[in-house]
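Inspection log for the structure reproduced underneath, given as structure tokens.
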């Protein structure tokens, strides 16, 4: 019983420490991650914009998977509508 | 007087302030409501808005606001004797800082967790918002220049700290990688990190390192300043998880360990205060205590920087509105206790009055170096640590605080330049590298412009930094006061500190202006003039905004 109590106390303490470590930087880390994701979107959709992409054979199958984020992405990149003639977004 | 008595008086006073005054302010003035739906719940997104345990939130609110500034200020201001510094720190914490910090969290919390800068625009007016940005920029500029000077002074005075100080950066880099790649859990990493840091501190005295007196015609002091800015520029461009985040974390641990050691050592050794209670024999050139005391000690008594933290990150993570009392007010008490420890170290850490007078031979002396040597003596007597080891330990603590503030400060300055780039449509200025170069350049101009080619006079701008920081606090207090007026609640709790701050800062700026004029220091004269214009402007805006608010309520 005692060991159990100590264990749960430790788990609790380490969870709080994790919060303490992460809380102030959560936003900055998320922003950095989003920047990387945006670049990745560009890779996946680059052929559609006429930018040759040697990996398009592999990224082609990712297109439908990433389509959900497509709207958010083109807005963030400063384009009000989809930049592609082939398919419209909004 | 014995330092134990001073410590108990100070800590006891602040505790009473928390128990009674903060309860009054929280319940009767801000009327914190446990059922108010805080922005952390309303906009919860797992990134910015996350309801956080109040002790955790207090932990990083306190560690983000406490740095080298609450050490440097009191360590300069004891030149007027320990009583004035002690009283201003304790009463400032109780009636100014606590009210200001908790109020900033409350104000932001009631306005969708927006920052005080944005709130100034809404509550006071658009003009004040631009003013706010200029004041923030000046604070950052001065803090970076002053801290670089302070660190370089420490590295020269205590060569045993050079290896642990720079080694700590590598420890932080490793911790950052280990945690980012999830190689170990945080508990293990923290213990290993602290062990590594203290091993470095322990090794420091056996491997002292100092620069040659001149490097390519540049003095050692100036060389350290250049190295520090070079480092800070790179650090501010790195992703935050790599260096800044683990460094901040280690600093947080260091802060608690340091406070614990210092207060423990005072209790065990019970040193006598050797400095005079009121220094009637101040060295020539020491300015008048009123108003200079109130701007020399800014952080530790009240600081505008806290408002930025409180409204920037803390308010977005507030679980319950009533937590604002503990997080804000008790956070201010944490910082006050660091200043109190500093006052004890620089007044009781000397063997005789003559030793103390030798350090405080002119205004602006003492500072963080006095904190390290005084504190080290107390550690040596209380915990029987080796004197050199104690000095290294405290130096590392102070340098890490100041260094992290520099990283963050440069990063924020860069954001401001980038924002200006966007406003004025300057494409190159919106990029990270040129904006960083501009920030570093402006800091270097200040660090060297203020004190000549060796950069040793950077501390001359300390009172000016305090003044600007107080102006920032004044703006936050103004926002809170206007909100209180609009809610038809008593406003004297924030209005009295606001008026006091504005009067003291304008008075101090005028006195310093005359000083710079007399010494024909035109660089600092213009800087002072700039701050003075901002101060008078804030005073006018404050009067106008309060009148507008009162008229709109009366109608």
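Every residue gets a Cβ built from N, Cα and C, even glycine.
From a predicted model like this one, the values you see are computed outputs, not experimental measurements.
Ranges compared are B:251-269, B:270-288, and TrEMBL records transmembrane segment for B:251-269. Checking the ranges B:43-60, B:187-204 against TrEMBL, the transmembrane segment annotation falls on B:187-204. Range B:62-80 is the one annotated as transmembrane segment, of B:62-80, B:366-384 (source: TrEMBL). Residues 160-164, 167-168, 171-172, 175, 178-179, 246, 249-250, 253-254, 257, 389, 392-393, 396 of the same chain lie 6 or more positions beyond the ends of the transmembrane segment (B:187-204) yet place their CB under 8 Å from a CB of it. Using a cut-off of 8 Å between Cβ atoms, the transmembrane segment (B:224-244) and the transmembrane segment (B:251-269) share fewer than three residue pairs, counting only pairs 6 or more apart in sequence.
Between the transmembrane segment (B:130-156) and the listed ranges B:62-80, B:251-269, B:289-314, B:459-485, B:522-540, the one holding the most Cβ pairs under 8 Å is B:459-485.
Outside the transmembrane segment (B:6-26) by six or more residues, the chain places 32, 82, 86, 89-90, 93-95, 98-99, 102-103, 263, 266-267, 273, 322, 324-325, 329-330, 333, 336-337, 340, 343-344, 348, 493 with a CB less than 8 A from a CB of the stretch. Here the transmembrane segment (B:289-314) does not lie next to the transmembrane segment (B:522-540) in space: the count of CB pairs under 8 Å, restricted to residues six or more apart, is fewer than 3. Taking pairs at least six residues apart, the transmembrane segment (B:251-269) and the transmembrane segment (B:62-80) share three or more Cβ pairs below 8 Å and count as touching.
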